[in-house]
Amino acid sequence: MSVSSHDAQKHTKDAYTHSISSTDEDDKVLQEIGYVPSFRREFSNLATISFAFSIMGLCSSIATTFNTPLLLGGPASVTWCWILGACMCFTLGSSIAEIVSAFPTCGGLYTASAQLCPPRHRARVGWLVGWLNILGQIAGLSSTEFGLANMIWAAVVVAKGGNYEVTQGKVVGLFAGLLMFHGLLNCLATRYLARLTTTFVFVNFGATALIIIVLLAMTPRSDMHPASYVFGSAGVVNQTGGWNDGIAFLFGLLSVQWTMTDYDATAHISEEVKRAAYAAPSAIFIAVIGTGLLGWLLNIVMVLCSGPLENLPGPSGSAFLEIMAMRIGNPGALFLWTFVCLTAFFVSQTALQACSRTVYAFSRDHGLPDRGYFGYVSKTTMTPLRAIWFTTLWGIVPGLLDLASPIAANAVFALTAMALDLSYIIPIFLRRLYRNHPEVNFKPGPFYMGDGLLGWSFNIICISWTLFVCVIFSLPTILPVTKENMNYAAVITVGVVILSGLWYMLGGHRHYHGPSSNIPRYEDVINGDAQQEKEKTENEEGV
């Protein structure tokens, strides 16, 4: 027997022995789903909650998307669309938390989708949801990092008094450097990632609270806008160039939907979380509520202190930064902006970690044509290093497109929210469609809304809302439509679905059969032991 074969058989035996002797509740749940524990559970409750808040990046996500509602639908669109979208996102977040509680694996909703339909559909459903989720996460990581690069250069423009030219090369260079740095950070062992992540929530909340307090303190009462401008019809300012006021107002949803997405990121680290069936869904639930309420307050204060609308977004191109600079001066604004950028830095860090776990899970199930190469966990760090660098390098590609065609880069970035949201509602729909199917066994986790009115209403509302928002995502925000302002989100998303379907039919079905257990069968282990004994006896007789 070769050394590699012996080591592989020994590893299989050890894994099996661990699977039958483990007393850890998390590992038992994972084994029931069909997987041998591969990660160290180092994320505490606080670290998990911090991770869930960080993936949404409250103040940084609002800062990078604030221009859209303010300059398309007006101040009232900023205010009302946020709380409307946050309430609807609460139903989606709760529905996702319910599924994550039942299936706390690093595959997240990808693994759950295949488990929530009959076996004959599992491969096709898993393939579709897996690719939508991975591509949405990579595009989201890339767009967040690209937004951070622009935020840093915006600060430079403000610091230079508006006399500084930011080129595409500078933005893309900084973007690529930041992404590589995040790749290196994610190579740390899980315990270090957990400690680092624990601090994120304090910076996130602290920066948001500080901006709110300072703006209210530094803005004279006479310069604050009246309630009719912040909440009323005076704040509906249509600058879309042709859409009616109703559509222009609804474009305000783009900010909240962009901010409050990637809910299942916490699920992707659930194999690294202690008491995952409780902690992961609870973190999602708490983060959605906290982000929704605090985000609404931040938006109200920003509009209240925004000054004349015609002066925005200003030389930096960021209305959020210009409002702070106008009210507290450039030095103070840049000081606070540092924490906003730091929050965006944390978003990218958590997004890369979550996406790499999804890639790992998909490769482990042979969803990638890599023979399981990226489904490997380093024995040193106990993290999927290959999947981390796969995610990092592919995340750079959309940003590099900006050098050749900013339109193409923006088109890829636009894929994020639509692809992710569609991958979320598929398992929610399947959960209800096959609830009584004899081949589908949904075992609720600790976070469970039940099969009564509450559970059904939340599921129906979030599915309907997501489909509605996807229509808004698909509309060009400016009329008349040109190749520069065309919205390619729907085109690319549909294209991804079609291409992934063709790939599955032409070759993917040969290596991918849906999420598959990696727990070795008892017979395999016993046969392996018998083979080892036989070879040992033969060797002794030969001697």
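Cβ atoms here come from the backbone N, Cα and C positions, even for glycine.
Bear in mind that TrEMBL entries carry predicted annotations, made automatically and left uncurated.
The transmembrane segment annotation in TrEMBL covers 46-66, 78-103, 134-159, 171-194, 200-218, 283-304, 324-347, 383-401, 451-475, 487-506.
Away from its own ends, the transmembrane segment (283-304) comes close to residues 45, 48-49, 51-53, 55-56, 58-59, 62, 66, 70, 75, 78-79, 82-83, 86-87, 89-90, 93-94, 96-97, 100, 205, 208, 211-212, 215-216, 219, 224-225, 229-230, 235, 256, 259-260, 263-264, 266-267, 320, 323, 447 of its chain (Cβ-Cβ under 8 Å, at least six residues beyond either end). With a cut-off of 8 Å on Cβ pairs spaced 6 or more residues apart, the transmembrane segment (324-347) and the transmembrane segment (200-218) reach 3 or more such pairs and are scored as touching. In summary, the transmembrane segment (383-401) does not lie against the transmembrane segment (487-506): fewer than three C-beta pairs, each 6 or more positions apart in sequence, are under 8 Å.
Sequence-distant contacts of the transmembrane segment (134-159), counting only residues of its own chain at least 6 positions beyond either end whose CB sits under 8 Å from a CB of the stretch, comprise 57, 60, 63-64, 166, 170-172, 174-175, 178-179, 182, 261-262, 265, 315-318, 321-322, 325, 330, 333-334, 337-338, 340-341, 344-345, 347-348, 351-352, 354-355, 358-359, 362, 391, 394-399, 402, 409, 412-413, 415-420, 423, 496. Counting only same-chain residues 6+ beyond the ends of the transmembrane segment (171-194), those with a CB under 8 A from a CB of the stretch are 39-40, 42-44, 47, 141-142, 145-146, 148-150, 152-153, 272, 345, 348-349, 352-353, 356, 380-383, 385, 388-389, 391-392, 395-396, 399-400, 402-403.
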